[in-house]
Amino acid sequence: MQVDWFFILEKVLLITGVLIISLVVAMYSTWGERKVAGIMQDRLGPNRAGPLGLLQPLADGGKLFFKEEIIPGASNRFLFILGPSLAMTVACMTSAVIPWGDTLTIAGHTVSLQVADVNIGILYIFGVVSLGVYGIMLGGWSSNNKFSLLSSIRAASQIISYELAMGMALIALLMVTGSLSLKDIVEQQRQSGVWNVFVQPLGFIIFLICSFAETNRSPFDLAEAENELNGGYHLEYSSMKLGFFLFAEYINMFISSALMSTLYFGGYHIWGLDSLHVSPNIVTILGTLVLFIKTICFIFFFMWVRWTIPRFRYDQLMRLGWNYLIPIALLNMLITGGWILWHQH
Amino acid sequence: MGMNLQQVVFGILSIISLITALGVVFSKSPVTSVLCLILTFFTIAGHYVMLNAQFLAVVHIIVYAGAIMVLFLFVIMLMNLNAEGEPQKRNWLKYAGAISGGALLVVLLAALREASLPSLTPASNDIGLIANLGQTLFKTYVVPFEVSSILFLSAMVGAVVIGKKEH
């Protein structure tokens, strides 16, 4: 059997790199969240562990690891552990189809900064997102606590409801780009210089709102409305298993920010980058940096909204999803179809 | 060994799908059954990928593992079906089941005894890719495709009507 070792090594390194970066970004998002909250509420935020409180995530992680681990007596032990593991695994899976940059040329080999350029990239994301419900449902049910169960059902129906509008926003985007591959979508924006957000403004707004709902972030964070409902589907969880659920949320936030930058904001493209007179490798690296800056801006936006807008009530959340977002998404599809037809003739 | 990589992967996938499919039937707890069924769907999606039908594989996961099985889980969790709560079947029901299952097996064996698979010569290996599938669905088979979508719409309207009846 002919094995391309360089290819395997390249992919293993890339997957490891993407995973580590996702984890580090998620880790420092927890720090960023507190800093942003602190600034918005005229406080200092974390400032004890290390300079600017930069070691705070490590201290938090250590604390979670050393906390006592309690598995409720009447729970299903296997499913209780499977829940947070699934939440974490699924959160890490989406990063495989996101193009983190163009190609690098190393020692005559062309290395693509994308783990898998499949021709069904967007559908893959759909598939992974739809699997995200299982971690929440299994975790809530296996706790054998009726409040956890109610909360997990609430979170699951929220995710399922907003998946529909999100899908329809993406269909309208597909009609414009004509490709399901994320790499193609970025390259089209790069070639034309027009980001999809200018072509699909309504679709982007729908996608943005749905991302907030899918990641269980405020104003849709009913899953963890401690004050008026209860601790959520992770009520019975403690130690690092709770940490996994909370951490998965931050990874999801990072990935959906990267996804929005890729789909609607040109990915690793910025105007003027391709006309710089430097070697292609440097252009690629700068492009990757550009993508990360865009992503971090979106993460900041997520936090900004969290500390600005109050939480929806459950019936308002459902009404927004089914009565407003889905019809608007359908209308957006119709307008896009009409626009394409008009352009063809 | 005359086996190539594809055959090895096929063998492993088939074994896992058989084991998980048996797990669906034999497990006592309904939640374990559902989880086994989800695994079965994943292995079947793997078979689709082996047949170069990525689109089918992903849609299979989205529709079955992502949507239908979530509904199954919803129902099982809300009704709180447990292994202990399962009603014990009467003995005559078990015998009736065994006899009718055996009869079905005989009929199937008789029907399939003479059957032989004609060697398949697909027009193209790429029919499962999304571009080709779209062309086929929306050009060659556009009428049956649209008719089936009307069928789904009527089923949805029916479900809404039944749900609204109470008010």
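Any Cβ shown, glycine's included, is placed from N, Cα and C.
All annotation found in TrEMBL is predicted automatically rather than curated by experts.
Quick look at what TrEMBL lists:
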- A:12-31: transmembrane segment (TRANSMEM)
- A:78-100: transmembrane segment (TRANSMEM)
- A:120-141: transmembrane segment (TRANSMEM)
- A:162-182: transmembrane segment (TRANSMEM)
- A:194-213: transmembrane segment (TRANSMEM)
- A:242-265: transmembrane segment (TRANSMEM)
- A:285-309: transmembrane segment (TRANSMEM)
- A:321-342: transmembrane segment (TRANSMEM)
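As a quick check, the transmembrane segment (A:242-265) and the transmembrane segment (A:321-342) miss the bar of 3 or more Cβ pairs under 8 A, pairs 6 or more apart, so the two do not touch. Below 8 A, the CB atoms of the transmembrane segment (A:162-182) and the transmembrane segment (A:285-309) form no more than two pairs separated by six or more positions in the chain, fewer than 3 in all. Just going by CB pairs under 8 A, the stretch in A:12-31, A:78-100, A:120-141, A:194-213, A:285-309 that sits most against the transmembrane segment (A:321-342) is A:194-213. Long-range neighbours of the transmembrane segment (A:12-31) within the same chain, counting only residues 6 or more positions beyond its ends whose Cβ lies under 8 Å from a Cβ of the stretch, are 46, 53-54, 56-57, 60-61, 92, 95-96, 100, 111, 113, 115, 247, 250-251, 253-255, 295, 299. Remote same-chain residues near the transmembrane segment (A:285-309) are listed as 25, 29, 32-33, 36-37, 40-41, 100-102, 104, 113, 212, 215, 217-219, 221, 253-254, 256-258, 260-262, 265-270, 273, 276 (criterion: CB distance under 8 Å, separation of at least six residues from the stretch ends).
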